[in-house]
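Over in TrEMBL, the protein carries these features:
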DOMAIN    38-133  domain 'Acyl-CoA oxidase/dehydrogenase middle'
DOMAIN    145-292  domain 'Acyl-CoA dehydrogenase/oxidase C-terminal'
């Protein structure tokens, strides 16, 4: 999770459109592993609805003065710098935002708390406040006012990373469930010998392989420069739902042991629930897919 933030969430825009100073100061040491980064987009009142963020970065001479707060920031407690999305003008919401690199030791930044989560507990998640934080104006990544667009592009990489990160855990808990169900006996035979068990596991593995193929297709198209927004949204939606199905059905076959913290499947049941929420909730993915299909109702005026 920490590495995925660094490689696929907080640095893609910087690598693509950042100026030379920012690449030297933030990107190169991040690639080398000398700096830890985080992505500051979500706020208490704006998670998947990125256009509604309130954090502002107002120009004062050659500097930007940042005020606001960010929520659910992965790596936030340990990060050396944050790729921050903030409003830099009062224009239309999709043209008023900029991404910028901000060192986390800058005066005025406060890590309010490490959030206590039900899952992904080994990954630090922070609430961060910004009070009159001053950074150079050339800390903006790419063009000023293009932050929303850059972030939507970053989201595609983040969502592909999320799909990829779901595959190995699903493979693992299916295989562990097979071994446990083979050894566990009930009514004179192994649990695995029940048709409902081995058929269910076969169906789950089939779904995992289909998701893997969708991801490979999306990555190949993305590398070729194609717009993969619809395909990635489908994959993200499927991933979030499939990890819930796999972890839930596998946990059931562990019986009482599955309800303990002594086995991996119970941890995956908690951890993988995040995939339907983070990087755009299932409902947001459905809205994007419907938009591409031409079935999304026009917004009320």
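Every residue, even glycine, has its Cβ placed from backbone N, Cα and C.
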The domain 'Acyl-CoA dehydrogenase/oxidase C-terminal' (145-292) - residue tally per DSSP class, helix then strand then coil: 123 helix, 5 strand, 20 coil
Helix, strand and coil residues within the domain 'Acyl-CoA oxidase/dehydrogenase middle' (38-133) as assigned by DSSP: 3 helix, 51 strand, 42 coil
Per-residue pLDDT averaged over the domain 'Acyl-CoA oxidase/dehydrogenase middle' (38-133), given as an integer: 96
